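The transmembrane segment feature in TrEMBL is assigned to 32-51, 57-75, 91-116, 122-141. Here TrEMBL flags 230-444 as domain 'Histidine kinase'. Look at TrEMBL and you will find 608-728 tagged as domain 'Response regulatory'. Sequence annotations record features per position, and here TrEMBL assigns 4-aspartylphosphate to D657.
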Amino acid sequence: MILFSATSKVQKDRAIMRETDTRMAKYSGRGLIINVFTYLLCLVIGEIHVVAPVTTVVLTCGLIIATLVRGYILVRFESLYASGPSRWRTFFFIATLLGAAWWSIILVVFTLTLGMTAETPYLWVYTIIFFATTVHVTSPFRLFSQTYLVLTLLPPTLAALYVGGVPGYMYSLMMLIFIAMLFQMVQVLSRGYWERFEANYALKQKAIALEVEKRDVNASVDLSTQFLNSLGHEFRTSLNDILGGLTLLTDSELESHQQELLKLAQKAGERQLDLVNNVVDFSRINNRQLVLDHSVFNLRSQLELWITDLAVNAHQQSVEVDYDMDPAVPLRVNGDAKRIGQIFKYLFNNAIQFSEQGSIFVDIDFKRDNDQGGMLEVIIIDCLKEERPPIETTETEPKFESSRTKGLWFTICKGLTECMDGGVDIDCSPGKETHYRLRIPLKAAEQQLVKVTSNPKLRDKRVLVIAEGLPLGAALKSEMQDWGLLVNEVSGFDSAEAELLDLEPASDPYDLIINVVWQDAEKALAFSRRVLNAHLEQPIPQIFSLSHNHSNDAGVRQFIEEQPSLNYLYRPLVPQILHDLIAHSLLGKPMTGGKGGEPESDDVGDCKILLVDDHRVNQMVAEGMLKKMGYRVHLAGNGLEALEEIKGGDIDLVLMDCQMPEMDGFEATRRIRKIEDESGNDGHIPIIAMTAHTEDGDQSQCLACGMDDYLAKPVQYETLQTHLIRWLGKSH
């Protein structure tokens, strides 16, 4: 076919081509009428018929003939097109190009005869406007449209150049620029037109295929999920390098504005990680492809670990955290620990974000339905010092609540809890405490009232607890009493001084003072000084329970460090850590860390950690973190190298990647466990999976092959440190 040859599927589709040709024919018909009307108007008001009457007659006759020929093709569109679309298109192209050539002759004659005066400029302006407004009609046929454009506009341009003078040169230059612009526009419009049809054509074909075979839907969803999982893996691997490197940079000597930029980069990386996780989870929930990974896990330990980890983020935002775990909460339950932790962290972080008074309290309970299990109930409370009167405007409350429930995270939480047959809701009203409620049914084998194994020498030791503004918590107080401690809790320093003075003559004074510092640290320090001055010969041991807001208070830390009878720890108060610190304060029992249970660099220096990862950048980042913590690090690039390291030296812990060449982490772990079994001793090396794979079932696969724990990349410094302390026995 002249000036057009169908190459793609859409250009060979009769329906699409008919739509394109119909559109072109409709606009061409309008153009014919406007062209004739404009020409006749120029004859009536112009001078051409006076200057060149014979030429005018010839031009008019030619225009009428060209118009009639094109009009015939357009009027007979339906019949001619039905007999042969390609033939009609060929006739149309030829007739249009002939008409364009004749219109070009008209412009040339007007220009050469009248110059750039009289009606010539009007005819030029009309031609420019005509092409500017109709170029999109013929642009699908790129070669034809460009030929049509050049054939019509180039001869008049040359004629104006021939006429010369300022007007002639100006008009010719203007027309050349216009031709170049339209030439490029035709290319862009043509490509965009057919690409749009290509996309629509692909969508239609896909829709037809999906209607014919329903199973293609599942196949497409599986493919999308696999792609998102793979994409998430790649993102996590890259983010692990980025966030790890940024974490190591925090110890560098940077200027203040550089530190601020570093923090912004870390936050941006964390947001990207959350976005990746949310998109993948939302896709699984929305496609009903979420598979819960049920396994037996230590519920109490996990809850304490989650709260402790999240308290670090709370501290960074000046939010204090405390919790109360009922003794009825079982030790071992069957459920999806990963998903429960994900929901808990979403709710907790949202509570931190919207906290009004800088205090979060977590109430944890377990209500048994039968001997087989019960309902885990977690209430995260955004506490208020004083309950303010509620705002009576009812229109405010929905907006107040929607600000907390807005976002993809809440949709994911609801979807996850519904998969577990549980529920989640947020109860918030202006002027009142906000409650985040999480309910998840869990299976527990038997009634398990868990208590910390206490030191018998603590029995009958008298403890004075000063809780000004922040109660100790009924569950923790009850547990301390179960350790044999005689606990007396007072609500202020005046009451505490009165209590100490009343007991001064007695033979059984207080053995320990626990000072729960709420906000006024100076008041607590002043009280502590008075107690120290009153008991210079035999000072009463004191433990400061500090909020994370006091961690950067050098005065508090210096005061405690200078007094050998003083110790401290940060809230939330974990029973086991509190017990050990009390035993250290009263009995002189050595601790694995320094004051406050913080790890000293010498404690971990003898621990050797084997880092197994084939990704060099990941190795560098993780190695930097471990050395920053004080550990000695051995490197292995695959499972075979890891086995050689295990056989050749005393390794205290292994951080194992899962996907590696030659031998993956799963097989390497199985062989390590086999070596341990064949050795005949009771040695067990903790192996922690450290991988970017976070699909459902990955954690179970890691535990099934013999790994002890699981860390998802990118690994945060604090999270890695917490897990290492947990498995290497170092206490914070």
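Glycine is treated like the rest: Cβ placed from N, Cα and C.
Comparison of 32-51, 57-75, 122-141 by number of C-beta pairs under 8 angstroms to the transmembrane segment (91-116) places 57-75 first.
Broken down with DSSP, the domain 'Response regulatory' (608-728) shows 58 helix, 23 strand, 40 coil. Taken as a whole, the domain 'Histidine kinase' (230-444) shows an average pLDDT of 79 in this prediction. Neighbour density for D657 (4-aspartylphosphate): within 10 A of its CB lie 27 other CB atoms from the protein chains shown.
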